[in-house]
Amino acid sequence: MTTIITVRKGGKVVMAGDGQVSLGQTVMKGNARKVRRIGKGEVVAGFAGATADAFTLLERLEKKLEQYPGQLMRAAVELAKDWRTDKYLRNLEAMMLVADKSITLAITGNGDVLEPEHGTTAIGSGGNFALAAALALMDTDKSAEEIARRALDIAADICVYTNHNVVVELLDAEG
């Protein structure tokens, strides 16, 4: 699997993810890019789970963003509806984090679209480790990017499905 984290702090939104791709107990690739910009660069998205499934969902989300420009929540809810009700999509095994300047969302195959209470959340095999580390660092003078990187480092030290090859995307946040 992998670990993806989003941190909002100091007028910035940071999404970061590691690069490990595993097949069973074997590391197949260490530098995959699981965090990227979509929707004309205004949205960052990260995924955990089956890679082909995640790319299918990212493509669907991009189409929803074209249909509902500037409305990440609406696009995410529409994607979640399709994901839950479509016979083909229902079998996809992935989870996504998406964020724009104003909102962060976790989208699951169960039809959940969850907005974290403080804009910081994580998914994947090391998600709980990364989230705990990030929350512990929020009251420090570290930037959003420093917190995200350190949280992923901690997760990679604990989770065998997460590595230290980190990709970061940064957006300016509202208010």
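Every residue, even glycine, has its Cβ placed from backbone N, Cα and C.
Sequence-distant neighbours of T2 (active site) (same chain, six or more apart, CB under 8 Å from its CB) are G17, D18, G19, Q20, V21, A32, K34, F47, A48, G124, S125, G126, Y161, T162, listed in sequence order. Annotation source Swiss-Prot lists active site at T2, citing sequence analysis.
In the shown protein chains, 22 other C-beta atoms lie within 10 A of the C-beta of C159 (Na(+) binding site). The Na(+) binding site feature in Swiss-Prot is assigned to A156, C159, T162; the stated evidence is sequence analysis.
Of all Cβ atoms in the shown protein chains, 21 besides its own fall within 10 Å of the Cβ of A156 (Na(+) binding site).
The 10 Å shell around the Cβ of T162 (Na(+) binding site) contains 30 further Cβ atoms across the protein chains shown.
Listed in chain order, the extra residues whose Cβ falls within 8 Å of the Cβ center of the Na(+) site residues A156, C159, T162 are T3, D18, Q20, S125, G126, F129, A130, L152, A155, D157, I158, V160, Y161, N163, H164.
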